Amino acid sequence: VGFKAGVKDYKLTYYTPDYETKDTDILAAFRVTPQPGVPPEEAGAAVAAESSTGTWTTVWTDGLTSLDRYKGRCYHIEPVAGEETQFIAYVAYPLDLFEEGSVTNMFTSIVGNVFGFKALRALRLEDLRIPTAYTKTFQGPPHGIQVERDKLNKYGRPLLGCTIKPKLGLSAKNYGRAVYECLRGGLDFTKDDENVNSQPFMRWRDRFLFCAEAIYKAQAETGEIKGHYLNATAGTCEDMMKRAVFARELGVPIVMHDYLTGGFTANTTLAHYCRDNGLLLHIHRAMHAVIDRQKNHGMHFRVLAKALRMSGGDHIHAGTVVGKLEGEREITLGFVDLLRDDFIEKDRSRGIYFTQDWVSLPGVLPVASGGIHVWHMPALTEIFGDDSVLQFGGGTLGHPWGNAPGAVANRVALEACVQARNEGRDLAREDNEIIREASKWSPELAAACEIWKEIKFEF
């Protein structure tokens with residue numbers, strides 16, 4: 001017959017330890033936990049096969065193509081220290097397997113069916129190396145860090161934001177009032193909560209109008225450029241675009257999208273619109289923990305972050321290192337650099353499995369948000385540096401005197417930390433001292449210091 005039917009060992013075809021990776025290959029590092037009795041080579045090869053050209057049996061149509069050209073290859077297997085049952089499998093995928101400019105297609109292949117594969121107990125995608133040839137097919141962030149600073153005329157410090165709470169239930173006018181007070185007090189941005197879309201108590205068009213009014217009023221009074229992340233996420237792409245278009249007509253600087261619940265296709269569409277129309281795009285990562293929280297299954301957030309930089313977004317939530325949500329410092333800083341920098345060296349201590357060259361794709365500002373308040377300011381300034389957005393929701397609106405004084409307290413604390421850093425002081429060592437000193441000159445900050453001095457989220 002010319003072809004040998006039957007089930008075959010994956011490792012005969014897909015495990016190639018002597019393969020030299022090409023500059024154009026997409027490389028993946030998987031943490032594999034095979035079922036008992038499945039050898040690492042077979043499991044690694046199975047992952048490569050199922051996420052590229054393979055199927056469970058030999059098919060005669062294999063003869064109509066060149067498998068060697070199109071197959072994924074497991075080219076290296078390394079043990080995981082302290083874990084008998086796990087190992088890291090490195091897989092190389094030829095560039096031709098993927099549609100240009102489609103994060104959706106990339107993920108459908110690499111993290112598609114293979115995650116339900118019976119021979120594996122669990123599978124986690126730890127990192128991806130995106131080759132420059134593939135990166136160049138993406139537009140990436142609509143504007144990037146430098147353009148954003150120029151548009152907003154804000155330099156030399158992190159930007160300040162605040163999520164408007166209570167997240168659900170306010171009327172549009174009261175919502176706009178809260179926005180105005182925060183911006184008037186000294187914040188750069190306020191934010192729609194990720195679950196604020198267009199509900200019965202507040203339809204999107206009303207919210208957009210009142211928020212725009214708040215922005216213009218605050219700008220006129222402070223002489224600073226202000227923004228509010230208007231959440232354009234919707235049930236259909238058409239509705240999402242309608243909201244983005246209305247935001248542009250109002251002349252506001254920034255809109256927002258929930259990229260995981262909204263989906264990468266919708267996100268890339270919105271990002272293209274934002275670049276063409278001068279809107280900044282703030283990205284919220286609702287649902288990420290469903291995908292990235294388990295240590296042995298799913299995918300690490302650094303992969304979702306890389307995917308977002310390709311799909312497009314100017315801000316993305318990236319954990320705080322200090323607040324109420326999870327995140328280890330070195331690992332977090334690893335993917336924060338992957339978002340901001342142009343070239344990132346492989347560094348396993350920070351969870352970075354591959355050297356990544358973004359070939360001047362614009363950078364994304366990491367957003368620290370979730371359970372942070374004025375006492376965290378020195379640590380945040382030190383950890384995240386200037387190119388970041390620090391978001392205090394409850395840490396602004398929870399101020400005993402109201403929203404505007406809460407905003408004042410945060411702005412004073414931030415300016416004090418930036419000044420101390422510029423004078424060469426050690427923020428890590430003198431953190432509380434810097435805040436205490438500043439609070440002598442700012443009753444708003446003093447009140448904030450008093451109310452949050454005991455708060456800790458430690459479990």
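We count from 1, first residue shown onward.
A Cβ is built for glycine as well, from the same backbone N, Cα and C atoms used for every other residue.
Going by what Swiss-Prot states, the substrate site holds N113, T163, K167, R285, H317, and the candidate of S52, S66, S369 recorded there is S369. When the C-alpha distances from K4 (N6,N6,N6-trimethyllysine) to the binding-site residues E194, R285, H317, S369 are tabulated, the minimum falls on R285. Listed binding-site residues: D193, E194; maximum Cβ neighbour count within 10 Å falls on E194. Counting every protein chain shown, the Cβ of K167 (substrate binding site) has 13 other Cβ atoms within 10 Å.
Cβ neighbour density within 10 Å is lowest for K4 among the recorded positions K4, K165, K191, H284, R285. Taking K191, D193, E194 as the recorded positions under consideration, the smallest Cα distance to N113 (substrate binding site) is found for E194. Using CA atoms as reference points, the recorded positions T163, K165, K167, R285, H317 were checked against K191 (N6-carboxylysine), and the closest is T163.
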